[in-house]
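What follows is a short report on a single structure.
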Amino acid sequence: MAASPAAAAALLAFLALAAAGGVAADGSDHRYKAGEPVPLYANKVGPFHNPSETYRYFDLPFCSPEKVKEKSEALGEVLNGDRLVDAPYKLDFHVDLESKPVCSKKLTTEDVAKFRNAVAKDYYFQMYYDDLPLWGFIGKVAKGGKADPSEWKYYLYRHIIFDILYNNDRVIEINVHTDQSALVDLTEDKETNVEFLYSVKWKETPTPFEKRMEKYSSSSNLPHHLEVHWFSIINSCVTVLLLTGFLATILMRVLKNDFVKYAHDEEAADDQEESGWKYIHGDVFRFPKNKSLFSAALGTGTQLFALTTFIFLLALVGVFYPYNRGALFTALVVIYALTSGIAGYIATSFYCQLEGTNWVRNLLLTGCLFCGPLFLTFCFLNTVAIAYSATAALPFGTICVIVLIWTLVTFPLLVLGGIAGKNSKSEFQAPCRTTKYPREIPPLPWYRKTVPQMAMAGFLPFSAIYIELYYIFASVWGHRIYTIYSILFIVFIILLIVTAFITVALTYFQLAAEDHEWWWRSFLCGGSTGFFVYGYCLYYYYARSDMSGFMQTSFFFGYMACICYAFFLMLGVVGFRAALFFVRHIYKSIKCE
């Protein structure tokens, strides 16, 4: 168990060093002399509106060398869909070039059709020059004010211009644009001879090397963006203050009245009819049904909460600076593997507290509860990516690495955590004894059933985060850069507080109605925000994005289902823990026979 935080701290230290400035994403600090080659890698091409649908650069018939040289990549880069190869352009340090030929190429009718299809779908290319990202469109569509697509003209850019800024012996910034006069008409299916050209222009800049990545994060720090983010924070804070103030006032007043009433009832005669939450004290700590599944959900949710906390720590110290290729995916894989001991410990110890006997089955269920659906989703989506020949399809070697990590790190730590949990010998702390036979639950109105309660529980936490959700979606499923992790962390804290309070309130009203089956209800109500987030996915896909095609649609809804499921488990744990604390507290405050 102790190894998990230590290893995560080691990862934190290394990545923080990389983020501190002066160290490139691949762990090196490049200085160049005039005329020295600077590495330029072509990464991928794809439709601008479909961020998951990307292809290798040379899948399009650009000028390519006889042997394409691939760059070795880290696990996170491969998971991110990066496939870097040597680009056909030579950009030596401080060497200006003007209309230098790359190659002369005869485009066949198939090549023309392939380029035309790419231009029609707004294909862009991405490259990395000295670990700085650059993008550009490969062509343009001239509509000429006509509505009929058959009358549109399609053009390919054949002349790329690189503008590079340097400071002494270091590359600081690179921009790329195209010569709008050097176009190739792709409208008709006919063979065409094309000469591809490129130009390079170097300019000096006073910007220091340590600040060269600030250009990419500055877009999310613009004043009007920050105003929206702070409006989101204020909106969420007002929601929290109103909710917590209202609930605290109501619950304290109601509970005070309850305590007075129950104290008076004990002194008075016992011939009156019993009602209220006190009179189910013999059932309120009766263990839930499907306790193995409940314990597994609790363990998995706690692990995901720990994972989220570690990711926020890394983000707040500056590890996930823009285009630190694959850093987030690497951190997710490593930290998930190292925190699996937490899931094993929490699940098994709680299962044993609930007097469960088959702890081995409980441990296996814990290991599969989140990984199982994620693995099935991955298998389907990876098959789709392979069918599309997209870079999102993971190579066999990468899949083997992930399986090895799960086999050699995740599963052993899960088992060790489970053994530690089983040997903890802790007992469930219940302030009241449980009766032998369960009390019958009185008939309840429809709005006190599980689904309406979940809808009420999920709406308020979702309303506290929905403004920030748009920016996160635009970053993950678009090309917007998100770097304001401090604001995101505040929103996350607010989300936890609102989830805890609303679950406590609904638990109280459930117990007041003499419904003692609150265990699963509190977990489901806490996690119900995950369903609202998935509902927001539908709205975002159809109303706020231009994503299209089977591959992009399946990737979006498939992986968002996994993320929302993780959200459900994590917030379910928050809801249950808050409800358990509250229930223990109120039943300690009364005399239970």
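Cβ coordinates come from backbone N, Cα and C, glycine included.
Residues annotated as signal peptide in TrEMBL: 1-25.
Taken from TrEMBL, the feature transmembrane segment covers 228-251 (among others). Beyond its flanks by at least six residues, the transmembrane segment (228-251) meets 460, 463-465, 467-468, 471, 484, 487, 490-491, 494, 497-498, 501-502, 504-505, 508 of its own chain at Cβ-Cβ distances under 8 Å.
Residues 8, 11-12, 15-16, 18-20, 213, 216-217, 327-328, 331-332, 335-336, 339-340, 342-348, 350-351, 362, 365-366, 369-370, 483, 485-486, 488-489, 492, 523, 527, 566, 569-574, 576 of the same chain lie 6+ residues outside the transmembrane segment (296-321) yet bring a C-beta within less than 8 angstroms of a C-beta in it. As annotated by TrEMBL, transmembrane segment applies to 296-321 (among others).
What TrEMBL records for 327-351 (among others) is transmembrane segment.
Residues annotated as transmembrane segment in TrEMBL: 363-388 (among others).
Positions annotated as transmembrane segment by TrEMBL: 394-416 (among others). With a cut-off of 8 Å between Cβ atoms, the residues of this chain six or more beyond the transmembrane segment (394-416) that come close are 1, 3-4, 75, 78-79, 333, 336-338, 340-341, 343-344, 363, 366-367, 371, 382, 385.
Annotation source TrEMBL lists transmembrane segment at 454-473 (among others).
The feature transmembrane segment is assigned by TrEMBL to 485-511 (among others). Distant neighbours of the transmembrane segment (485-511): 229-230, 232-233, 236-237, 239-240, 243-244, 247, 250-251, 254-255, 277, 280, 284, 308, 312, 315-316, 320, 448, 453, 456-457, 460-461, 464-465, 468, 472, 518, 521-522, 525-526, 529, 571, 574-579, 582-583, 586; these residues of the same chain sit at least 6 beyond its ends, with a Cβ under 8 Å from one of its Cβ atoms.
Residues of the same chain lying 6 or more positions beyond the ends of the transmembrane segment (523-543) and with a Cβ under 8 Å from any Cβ of it are 294, 297-298, 301, 450, 453-459, 461-462, 465-466, 469-470, 473, 477, 495, 499-500, 502-503, 506-507, 553, 556-557, 560-561, 563-576, 578-579. Residues or ranges marked as transmembrane segment in TrEMBL: 523-543 (among others).
Within its own chain, the transmembrane segment (555-583) is flanked in space by residues 52-53, 284-285, 297-298, 300-302, 304-305, 308, 369-370, 373-374, 377, 380-381, 384-385, 392, 457, 461, 477, 495-496, 499-501, 503-504, 507-508, 511, 518-519, 522-531, 533-534, 537, 541, 547, which lie at least six positions past its ends and keep a Cβ under 8 Å from the stretch. As annotated by TrEMBL, transmembrane segment applies to 555-583 (among others).
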